[in-house]
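Peer 1: Supplied in structure tokens, the structure appears directly below.
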Amino acid sequence: MGLSSNSAVRVEWIAAVTFAAGTAALGYLAYKKFYAKENRTKAMVNLQIQKDNPKVVHAFDMEDLGDKAVYCRCWRSKKFPFCDGAHIKHNEETGDNVGPLIIKKKET
């Protein structure tokens, strides 16, 4: 009688652990499918600039820059690739600390 009751308890525990593991796996898969995709776009830096290109690249000759050039690094500028100060609003909204890239001639 003692042996069969231990077997019944083991079967119940195995069933409970299997159910819990299955529930956890389904929860994880649901999280990955729905929640992670929603947050992926929020983590993107470039939300609107040349989205049809696989990689956004701008190149300038140093001689063409003049004395100073200020480039956007927050991807929010309406004058991209040049900075228009949009990082100020971006920093206030997100708590970020991004600023422009400033390239200027060395003062002699």
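Using N, Cα and C of the backbone, Cβ positions are placed for all residues, glycine too.
The model shown is predicted, which means the values in this text are computed figures rather than measured ones.
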Peer 1: Can you check which of LYS37, LYS51, LYS68 Swiss-Prot annotates as N6-acetyllysine?
Peer 2: LYS68
Peer 1: Find the one among the recorded positions LYS55, LYS68, CYS72, LYS89 whose C-alpha lies closest to that of LYS106 (ubiquitin cross-link).
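Peer 2: Comparing Cα positions, the candidate nearest LYS106 (ubiquitin cross-link) turns out to be LYS68.
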Peer 1: Sequence gap of 6 or more, C-beta under 8 Å: which same-chain residues meet both conditions with respect to CYS74 ([2Fe-2S] cluster binding site)?
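Peer 2: In sequence order, VAL45, ALA86, HIS87, HIS90, ASN91, ASP96, VAL98 meet the Cβ cut-off.
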